[in-house]
Amino acid sequence: MSSAVRIVEKQLDEILAIARNPAQIRNAGTLAHVDHGKTTTTDSLLMGAGLLSPKVAGKALAMDFVAIEQLRQMTVKAANISLYFEYGGKPYLVNFVDTPGHVDFTGHVTRSLRVMDGGLVVVDSVEGVMTQTETVVRQALEEYVRPVLFINKIDRLIKELRLSPQEIQQRILTIVKDFNALIDMFAPPEFKDKWKVDPAKGQVALGSALHKWGITIPMAQKAGLKFSNIVDAYEKGYVDKLGEEFPLYKTLLTMIIEHVPPPNVAQKYRIPRLWRGDLNSEVGKAMLEADPNGPTVIAVSKVNKDPHAGLIATGRVFSGTIREGDEVYIIGRKMKKKVLQTYIYMGPTRIIVPYMPAGNIVALMGVDEARAGDTLVDPRLTEVPPFEKMRYIAEPVVTVAIEPKNPAELAKLVEALKDLVIEDPTLDLKIDQETGQILLSGVGTLHLEIATWLLKERAKTEFTVSPPLIRFRETVRERSQVWEGKSPNKHNKLYFYVEPLDETTVELIATKEITEEQDPRERAKILREKAGWDTDEARGIWAIDDRYFNVIVDKTTGIQYLREIRDYIVQGFRWAMEAGPLAQEPMRGVKVVLVDAVVHEDPAHRGPAQIMPATKNAIFAAVLSARPTLLEPLVRLDIKVAPDYIGSVTSVLNKHRGKILDMTQQEYMAYLRAELPVLESFTISDELRAAAAGKIFWSMQFARWAPYPESMLVDFVKQLRKKKGLKEDIPKPTDFVEVF
């Protein structure tokens, strides 16, 4: 039992020695559906590393170090820890990230995956593979992160469901089968077979994080342990003995070391997926090998505000060695910054280290301008392409208005809000410059509840929060006629039409396969081959709105002075896309096309104050003549319920405009998959519980945007406009432009 019980001070020198050898490093993290036991599992690992007393492991939630996390017994942010572990006579460094399981916090999962090579997927033995399990496994596989499986809460099968040893075995095989089905569905083709988990090979652990024991099949066979022995341990009260003989931390760390690849192996297949540069260049080769002597390249995965040290950027060193005092160049922000301090994490504590080589996770002080998703490089490498942009699965669809009780403290509140958005880019902050109104949007009500709680902690000022409002999107259903937008001084004329942007292009923008920064020829090729675009039109793209998924295309030829006002037209386009003409909701899936222009020769008469309104007004007129409509966000519900209650659960869903997509039945459980408007989801929890007498599990996650029902559209838009203090009547194109 001497595997890893030494305390961190003694370990620092040893950790640095191991950090120089990529073969002895593992970068992994927990991934799971909410409440399946990730953080309790991670606590068990901390105990094994001597960082947590055995008495409190399983109860401590040590990785939940934001006070509200311990209060709610759930993880809302991703936390890091470096663990020292001896296996097979060799010391290893396991850099571990604990991530949230609640659907409202998938943004934290997305960012964590960039630094991981392996994901320990924790599944509750009773609930099995749930929606969020599917989401995080899919995200992991998109980032080429290899999953291994821990089936947790085996005690529930024995104590709650009272299953026999044979039935427990059957339940485990069902979960493994469901898990492998996800890998079959989402894994990159070359890993579909290699990455499926096999209990016989020790790629699946079973246990109870609460009772601190865990085994794999090879371990059980070696020790002569049978399922009947585990059932006996619970029934006869000697479960502590299981924890002593088969400590969970040892089982999980062994599984991670055996089945999660080291950085120098993982980077060989991850770098071609995460980075579009030349793999044969000096920096490309260094990253493929995780070479500590190569040029410095770091992918930033998160940024946190420290009250004493300012902004701390955490990321993975993919090549080179970062040292205190080094200069780094932030690609995309085009600036150099000096690293003032380098750290590794021990839960909430940052430990200062003199350097950190390739393959490791590091925290940096001094690079204040860096943001999650940024790439930091050696200052000589200013032309190197950055890592692929991160793709967030959930979109901010719920909004609250925030107002300081004391107007004099507005600036203080805004400052704290801006810091929150830096830390969590899935939050969306809008401040109306004229009215001073602050709108904060998140992916769900819980996301906003936690954000406002953190705001209260940090801003140290009182404020009010409005009831949550749902965000909608505006779009068009057909091509409009051409509309003329005149500048306020009447010296410039711009001619636009709009049409729906096809779903394939929207998906290419969402997955970052096409971006504004891309080489226009490369982008045109992708659009031609995958979305059927005409080559000239694809090359004419001026800007891509990757926040709301719209594009602006220039189809003009030979217009004098057009190049000089291009940036102002793009700014006008972005302005129009942020709040459309129907109800000031963001536009989505719109292609804006410029077909002609008359531009004044004198720069004084064609500035932004002239060109931006002309652009916006013409776009608004075009939108209103293209059968505009509202899109509402839908959530997907995955429901497990006792078969007797299917009827009552279905009627609750029907009452809330829900639609059942799929239904299957097994011996004890019925499985329903449904879609439901977010607008209808606020009270659904209590109603479902009541309808099924509490015998129900369900999970929700953002599914898609769908047109609001046509029969109710006009009344609903009027209602929405009234709420926002706008004139109730829907505007006409002529409210924005003169007919020409």
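Cβ coordinates are placed from backbone N, Cα and C, and glycine is handled just like the others.
So that you can see what the record holds, here are the features copied from Swiss-Prot:
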DOMAIN    23-264  domain 'tr-type G'
BINDING   32-39, 98-102, 152-155  GTP binding site
MOD_RES   H605  diphthamide
According to DSSP, which kind of secondary structure is A32 (GTP binding site) found in, if we only use helix, strand and coil?
-> strand
Spatial separation of the residue listed as 'diphthamide' from I154 (GTP binding site) - C-alpha basis, Å = 74
Which is it, of A32, I154: the one of these binding-site residues whose Cβ has the most other Cβ atoms within 10 Å?
-> A32
Round to a whole number and give the Cα-to-Cα distance in Å for the pair H605 (diphthamide) and A32 (GTP binding site).
-> 58
Using DSSP reduced to three states, classify I154 (GTP binding site) as helix, strand or coil.
-> helix
Under DSSP, is the residue listed as 'diphthamide' helix, strand or coil?
-> helix
Count the other Cβ atoms sitting within 10 Å of the Cβ of H605 (diphthamide), across every protein chain shown.
-> 14
